[in-house]
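Student: The structure follows.
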Amino acid sequence: MVHKGQNGLFDALTTKGTAFTREERAELGLLGLLPYAVKTLDDQVAHTYQEFSRRRDDLDKHIYLRALQDRNETLFYRLLAGHVEEMLPIVYTPTVGEACERFSDIYRRPRGLFVAYPDRGRLREVLRNRPNRDVDVIVVTDGQRILGLGDQGIGGMGIPIGKLSLYTLIGGIDPARTLPVVLDVGTDNVERLEDPNYLGWRHRRIGDDEYYAFVDEFVTAVREELPEVLLQWEDFATPHALPILERYREEMLTFNDDIQGTAAVTLGALQGAARVAGRPLAEQQVVMLGAGSAGIGVLEMIRQEMVAQGLSDAEAAERIWVVDIDGLLTDDRTGLSDGQRRFAQPAERVEDWDGTGLADVVHRVEVGVLLGLSTAAGAFTEEIVREMAGKTDRPIIFPLSNPTSRAEAHPRELDEWTDGRALVATGSPFAPVERGGKARRIAQCNNVYIFPAMGLAVTAARATRVTDEMMRVAARTLGEASPALADPAEPLLPAWEDVPEIATRIATAVAVQAVKDGVAPEMSEDEVAEAVRRTRWTPEYR
Ligand SMILES: NC(=O)c1ccc[n+]([C@@H]2O[C@H](COP(=O)([O-])OP(=O)(O)OC[C@H]3O[C@@H](n4cnc5c(N)ncnc54)[C@H](O)[C@@H]3O)[C@@H](O)[C@H]2O)c1
Ligand SMILES: O=C(O)C[C@H](O)C(=O)O
Ligand SMILES: [Mn+2]
């Protein structure tokens, strides 16, 4: 619906700005409110691209695009769609990390919901005030673990905004049906607390009892106001992430992207890598640096895959080695969570080792797959990588920590230290690596390959739960689209221009699985495909 007059001009979801025709201007009471010239959407795209290109640094570019999004969403998405590879790192990782750190400084206009602890008891009212009535997808964070940048308090809001932009760009979710949310439960980031510009509740983070009660009030309000919405949890600190997921996942349509989305994309990328390496996952020794919710989530899915390939639970666990800040996870360690304990090696297996750091593990184990979800920049050192490369023909090495400044290794180094034999995927985007005069694109193993498709799937299928099997199907469908399957010299994951198409494929397969799992109304495969097609929103003036 297009509003009349000034209001219509400033409604970002429906405005056409200078593209309102003479007739529309007359009909909508806009005569005189716009400069005379009438532009087309394509003219506007060309113009905004030119302006975008004039911004000096990436944060300026981010600010420019965010302002455009607040002004004219159709134009924003049309511009993005034509320049995905160039603009993804601007609206999303890594630049969104900086935008979160500087959120209060660069703040211009509100977007979504700021759900603050002092408003507890009134969250139903807060939810009712939401800017968009009908919502398909909520992304919510509490800002405590923003990428590998730690606690950003309210600044974490940049992440739900960025992720939802990709739900639309890649998954075709109507931007009028998205809702970014930040739970403002204080911050322990002293820099933010002392910053006069800080826009959040200036308070230390609340204790766990108050915290879980507040999350519960929020979830209750969401379920009352938007009973069918997909609620995606994002960038919660590990001690809260899994308890929250387990508390709500059987009761409503919800998933945790850092745990489940990351696992699915990693498994997808490993599918291509294992094929090129000529060795199935179940025959690999896997080493993970980092035992947070992301790392453990990935390993859970890897173990399930190894079991699907014929191993017992125990045999799979034997092949998985997890190293955290205190060294290898072993069963004599205290203070491990249940999730971590499932991957703890028997202490006697390592009793004659000199140490249990990453270098020791790589030295002792015939490691074929090395994964990093640790935030430990540079932790995959030359010595470690060279040692691993001596043990296997095609070492599979994924430095997955974000943003770029937290990556466990640079792909150029991995290429050099392994004479080009390493099969690499990174969490953040990196420039192509040159070898023998040829530039090779580096796959970005980031949950952005999964969550937009998941949103499209559950929206189209009207699913009521996100099952593990739906996540596995997403991983498998992505894995089958790996360019490396056809040509081992190609990247492990599809190119960005193909990703919206592949998201449709993933969404269709996931929606079919939702029906099979009994968490979506009965539909034939054709009906599912048609529902997915119909759900997809495209940026054009209507
Ligand atoms: N590529 C993706 O799609 C993706 C998805 C989710 C998370 N991530 C990234 O993964 C990282 C971790 O996320 P998380 O939520 O699990 O974080 P977390 O802080 O809970 O976990 C970090 C883990 O790494 C360990 N660690 C930290 N420093 C270390 C060091 N120097 N040596 C060895 N181990 C060390 C910690 O002990 C902990 O087990 C973040 O950088 C995040 O951006 C990437
Ligand atoms: O946000 C990203 O780029 C991926 C992931 O969700 C992360 O937390 O690092
Ligand atoms: Mn995340």
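Backbone N, Cα and C define each Cβ position, glycine as well.
Caution: TrEMBL annotation is automatic and unverified by curators.
Source: prediction; values computed, not measured.
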Student: Check TrEMBL: it lists Glu234, Asp235 as binding divalent metal cation. Then name which of Asp209, Asp258 it lists for that same site.
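Tutor: TrEMBL lists Glu234, Asp235 binding divalent metal cation, and from Asp209, Asp258 it also lists Asp258.
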Student: Could you look at Asn72, Asn189, Asn197, Asn402 and say which one TrEMBL places alongside Arg145, Asn446 in the (S)-malate site?
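Tutor: It is Asn402, as the record lists it for that site.
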Student: Give me the largest Cα to Cα distance among Arg145, Asn402, Asn446, the residues the record lists as binding (S)-malate, in Å as a whole number.
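Tutor: Site span for (S)-malate, by Cα atoms: 16 Å.
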Student: Please report the Cα separation of Lys163 (active site, proton acceptor) and Tyr92 (active site, proton donor) in Å, rounded to an integer.
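Tutor: Distance between the two Cα atoms comes out at 7 Å.
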Student: Would you mind reading off the Cα separation of Arg145 ((S)-malate binding site) from Tyr92 (active site, proton donor), to the nearest angstrom?
Tutor: 16
Student: Setting Arg145, Asn402, Asn446 aside, what same-chain residues sit with their Cβ within 8 Å of the center of the Cβ atoms that define the (S)-malate site, listed in sequence order?
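Tutor: Near the (S)-malate site, beyond Arg145, Asn402, Asn446, sit Thr93, Leu147, Gly148, Asp235, Asp258, Thr262, Ala294, Leu400, Ser401, Pro403, Gly427, Ser428, Asn447.
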Student: Of all the recorded positions here, Arg145, Lys163, which one's CB has the most other CB atoms within 10 A?
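Tutor: Comparing the recorded positions Arg145, Lys163, the most crowded Cβ belongs to Lys163.
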Student: Are any of the recorded positions Tyr92, Arg145, Asn402, Asn446 near ligand 1, with a Cβ under 6 Å from it, and if so which?
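Tutor: Correct list: Arg145, Asn402, Asn446.
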